[in-house]
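According to TrEMBL, the features are:
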ACT_SITE  Lys76  active site, proton acceptor
BINDING   Ser25, Arg26, Ser27, Thr72, Asn97, Asp112, Tyr231, Gln259  shikimate binding site
BINDING   Glu88, Gly137, Ala138, Gly139, Gly140, Ala141, Asn161, Arg162, Thr163, Lys164, Glu165, Arg166, Leu229, Gly252  NADP(+) binding site
DOMAIN    17-99  domain 'Shikimate dehydrogenase substrate binding N-terminal'
DOMAIN    127-204  domain 'Quinate/shikimate 5-dehydrogenase/glutamyl-tRNA reductase'
DOMAIN    252-282  domain 'SDH C-terminal'
Amino acid sequence: MEKLMTTIDSHTILYGVFGDPIRHSRSPIMLNRAFQEAGINAVYAAFHVRPDELGDAVRGIRALGYRGINVTIPHKVEVMQYLDEIDEGARIVGAVNTIVNEAGKLIGYNTDGIGYVRSLKEETGIELKGKSVLLLGAGGAARGVAYALAKEGAGRIYIANRTKERALELADTISSYTEAIGLGMDELGHVVDEVQFVLNTTSAGMHPHVEELPLPLELLRSHHLVSDLIYNPRITRFLREAEARGARIHGGLGMFIYQGAFAFEYWTGTPAPVAAMRQVVEQSLAE
Ligand code: NAP
């Protein structure tokens, strides 16, 4: 790969990601590649921030003049109390993954859900307007994705979760934006024939539990588009089994790329060099 050289000097603009743990994160290689590709004098680092240090770390963004910070597990909810302003989408989702420092004012956004939808549309060409969706899971990722699907015009969203109360609670939030119905996992028989699109937002199937499935396989249909937020492994067992049953499939790597692409665009006002970002992450995952 051709490497463009960036000199870090006294004009270099500072970015980073806060998480605990953080050393597994692929955000630094992805965003540094993006800055290089776009010819922007910037650097992006990974910060291991423990929960009791989060407030100090956020004050450090202002004190040191960082332009932008990504926030990952376990800080996406807790960080909100330290910010000056929260974008409407992030407020409804209840989590922030991107902070923009506007001359000392820290504004929180959530790019996970919109990143997912952008990946889904670009990689599958699906038109979501009026579609019925079965969304499996009701955790943090499900909240962002359900909100983004509703805003995109999905006609009806069934939300099914192992812990049914969480599905009902999320459906209640989303019902301000589209028809949303919370269900337990034993109530899906009548739903699977109606929906066009099945989406796993649970962690069932994620490394190292790669054999776990979020849905009994007999409920998959060949007319489904089946999507999974997990990108480790790149193609989960759930997607493999769906493809074997004739369904179209869509994996989670694009969501990771596009949540970073939106953050890059909020920070720089420049279109993100998505192809280069994808290439460097794919290469890193293959190593
Ligand atoms: P989370 O808040 O902890 O939620 C986990 C969800 O998975 C809950 O609905 C939970 O159900 C369900 N669940 C966990 N284990 C399960 C099992 N064995 N069987 C059935 N359901 C199970 O986690 P999250 O942050 O939403 O992340 C969820 C997944 O999305 C992870 O695999 C993560 O890697 C992926 N993700 C991907 C991206 C990306 O960029 N591609 C971004 C964010 C997240 P209960 O409520 O019953 O516990």
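Note that Cβ sites are derived from N, Cα and C of the backbone, with glycine treated the same way.
Remember, it's a predicted structure, so these values are computed and weren't measured experimentally.
Features as recorded by TrEMBL, highlighted on the structure.
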residue: Ser25; record: shikimate binding site; Cβ within 10 Å: 17
residue: Thr72; record: shikimate binding site; Cβ within 10 Å: 17
residue: Lys76; record: active site, proton acceptor; Cβ within 10 Å: 24
residue: Asn97; record: shikimate binding site; Cβ within 10 Å: 28
residue: Gly140; record: NADP(+) binding site; Cβ within 10 Å: 19
residue: Asn161; record: NADP(+) binding site; Cβ within 10 Å: 25
residue: Thr163; record: NADP(+) binding site; Cβ within 10 Å: 13
residue: Glu165; record: NADP(+) binding site; Cβ within 10 Å: 11
residue: Leu229; record: NADP(+) binding site; Cβ within 10 Å: 28
residue: Tyr231; record: shikimate binding site; Cβ within 10 Å: 20
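Counting residues per DSSP class in helix, strand and coil order gives 37 helix, 18 strand, 28 coil for the domain 'Shikimate dehydrogenase substrate binding N-terminal' (17-99). Closest to Glu88 (NADP(+) binding site) in space, going by CA atoms and restricting to the binding-site residues Ser25, Arg26, Tyr231, Gln259, is Gln259. Only Ala138, Asn161, in sequence order, out of the binding-site residues Asn97, Ala138, Asn161 have a CB under 6 Å from ligand 1.
Residues of the domain 'SDH C-terminal' (252-282) grouped by DSSP class, helix first, strand second and coil last, total 25 helix, 0 strand, 6 coil. Counting other C-beta atoms within 10 Å of each candidate's C-beta, the binding-site residues Glu88, Asp112 are led by Asp112. For Tyr231 (shikimate binding site) paired with Gly140 (NADP(+) binding site), the C-alpha to C-alpha distance reads 16 Å. In the three-state DSSP assignment, the secondary structure recorded for Gly140 (NADP(+) binding site) is helix.
When the recorded positions Ser25, Thr72, Lys76, Asn97, Gln259 are ranked by how far their Cα is from the Cα of Glu165 (NADP(+) binding site), Lys76 comes first. In terms of Cα distance, none of the recorded positions chosen from Lys76, Thr163, Leu229 sits within 10 Å of Ser25 (shikimate binding site). Mapped onto three states, the DSSP output places Glu165 (NADP(+) binding site) in helix.
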